[in-house]
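Trainee: Take this structure first; my questions come after.
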Amino acid sequence: RMFHDDELEESEKFYVGQPRVLLLIYALYNTLVARSEMVCYFVIILNHMISASMITLVLPILIFLWAMLSVPRPSKRFWMTAIVYTEVAIVIKYFFQFGFFPWNKHVDYTKDKPYHPPNIIGIEKKEGYVHYDLVQLLALFFHRSILKCHGLWDEDEKGDSSSNKEDTDDELSLMGGRRDSSASLKSVNLAASVESIHVHFPEQQTAIRRKSSSSISQLSHRSSFSSHRSKREQILDIFKNINHTTLSLYFLQCKLCVIKSHCCLCCFRTLQVYVPIRQFFYNLIHPDYSAVTDVYVLMFLADTVDFIIIVFGFWAFGKHSAAADITSSLSEDQVPEAFLVMVLIQFGTMVVDRALYLKKTVMGKVIFQVILVFGIHFWMFFILPGVTERKFSQNTVAQLWYFVKCVYFGLSAYQIRCGYPTRVLGNFLTKSYNYVNLFLFQGFRLVPFLTELRAVMDWVWTDTTLSLSSWICVEDIYAHIFILKCWRESEKRYPQPRGQKKKKVVKYGMGGMIIVLLICIVWFPLLFMSLIKSVAGITNKPLDVSITITLGGYQPIFTMSAQQNQLKSLDLNEFNEFQRSYRGNTAALQFLEGYAREDITRADLEGNSNSLWTISPPSRQKMIQGLLDFEADFTLVISWTIQRTLEEVYPYYIKAPSDSLAKPIKQLLKDCKWENITVSLVKNTSEEWWVLNQLGKRQKTPQESLELFIFSDKVSPPSLGFLAGYGIMGLYASVVLVIGKFVREFFSGISHSIMFEELPNVDRILKLCTDIFLVRETGELELEEDLYAKLIFLYRSPETMIKWTREK
């Protein structure tokens, strides 16, 4: 072999023979070296997420608007700027850690205030204030060493002269390195402006100007400033030979020249900053060479992840909403303002990004990138902390949203640097024909309004002669043909021999799954309503139990309520004893099966009424006469949640349902009879009240009192209350019937679409749709109309469709 080397071969054998763990470490290190700039970006962004201050804000913005937009890679100047800036930030943070600064005396009080000036700037006193900065500096030095090892650190300086590089760097950036701006700068006589500081005499003015104009290519700014002293001495010698009258005139001219020179110097410094930035973005928008790429799908996925984060973590973007739940908020017909604003902003950026992608305008993308970078950083680090009243570093959801948005910024910068693709053909999911693309594409079409919104946006921002209805028709045909193409390709990969019956795996796999799904849909409401309260139900214990007793419609004789300590739960022994007391009573045991120990509450009500009995004397006499007449009916009304006339006296057991009024439980009463109570009137001088006492209490107490058992039904969790609140019939009407309608259309509408579904070969139709997309992108709009007319004729002619879809 020509290039055979024994040492290299032995080295390769030695490397292959290493353990897998060591090989993995080698691979990780090589990946780290190959992507060392990404490591620097990640550490800088992580440092800013943790610190969230103005000091750390500069480098992330420079990353997205300078480093990632540089072609082919960030320059040495950027990395030196990042290194020097990090070092200065470390020194500044260290300097402000001393305790003699006023804001460091109350650190515990101000550390959580988002708008405290030291917290915003990043000079607050805290532990580990410089840890992430040191890691950032270490990553930057590591990347610097990698660039030096590969000879990429000083590659920008190979064409510069070493003698006067420092003196003429600014002039080269303004005149030699920027072709478009050199003509506009020729009229600015920089050296003459600097030399105009000296006094010019009328008789020597022309000579001095010629000298200045002839020496512009020889004098640098530093040499012009260094010659001030010698020229001042010449001016003093001249001043000795003139009188005092002309001296004042010369001083006035000198002041005017100094003011003019300072203005020119300010303009020069401004141009030094503006011209390179302008030229940088100009070269970015009008590159000499463009490596066209398409990362719109990844940008869309990043935006989608951010959208999901907003929906499920919207409470992190609002005030006093840390314990909020989006389902409970929407069930109460309340739309949080922070959630609405974030959703609209995120959705608006996705629409604008789609428009820029379809128009293929790099300039618009650059402007959108600049606005979005500054806007997002300003909102996240200056507005959001004031809205949520907590620092960004304490808001985990906001940090996650910002990190995903940084990924989007990186992808956008890569798209700008490489340029948009010249051809946008079809959906990204339709590039290959397999099961993965098929199911993803069908899932994409099932998202409500997504397909329609995409079709309308594509029609608005794409040059075409088709109407909106024709455009949607082409999109629908293309989607249908793509689905058929995927099925035909799957039939080719997994052919079914002629005359062979279907395998049991296919029949029981697909058919069994459909059977189970249909059964679950039919019996879903019953299963849901039975499990939602028994398994996931929440115990709804009473907070207040009130009893009111009225005799014959007169003034209530007894009112009493039990709260807090008077509402007691049964312990395990009491609950077991309660169940054993109904042994043999089938109806009672069946009722008790639906309740656990924590669902039963015993209310102990005092026997003395908590209100005086105020009744007029005539009503009192009528009441006495009614009680003495044993043959007449005299009603006793006992009310708890509602008033109800009872045949007996006292209901011992009350059921408290979750959706209706409380009811007495007859299954637990002996022979369906109510409990007996004693009623007595107590008089004390001019006041009187009633005292009630229950005779057959389970908890034996010597005081007059009433005992009441409340059985509380479990309620559904708040997040599922909107679904369980309609009951079984509501679920059947809203879920089963609606789903059943779609399933019936799938099984009963097949015969009407045979001529469009059973196409053996769809390659020609698919190619026709692709040709329509292609001629549209190339601007052949007349040909687009012709191909569309051909497609419509094809679907109107069954005989032609049969010829076009035959197997080759």
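Including glycine, each Cβ sits where the backbone N, Cα and C put it.
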Trainee: If you look at how TrEMBL annotates this chain, which of 126-142, 245-261, 262-278, 432-448 comes out as transmembrane segment?
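Mentor: So the range that TrEMBL calls transmembrane segment is 432-448.
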Trainee: With pairs closer than 6 in sequence left out, are the transmembrane segment (432-448) and the transmembrane segment (366-388) joined by 3 or more CB pairs under 8 Å?
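Mentor: Since fewer than 3 Cβ pairs under 8 Å link them, the transmembrane segment (366-388) and the transmembrane segment (432-448) do not come into contact.
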Trainee: Counting Cβ pairs closer than 8 Å, which of 14-32, 295-318, 338-357, 432-448 has the most of them with the transmembrane segment (400-420)?
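Mentor: It is 295-318, which has the most Cβ pairs under 8 Å.
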Trainee: Determine which residues of the chain contact the transmembrane segment (295-318) at the Cβ level, with the cut-off under 8 Å and only residues 6 or more beyond its ends counted.
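Mentor: For the transmembrane segment (295-318), the far contacts come to 324, 326, 336-339, 341-343, 346-347, 349-350, 353, 357, 384, 387-388, 395-398, 400-401, 404-405, 407-408, 411-412, 414-415, 428.
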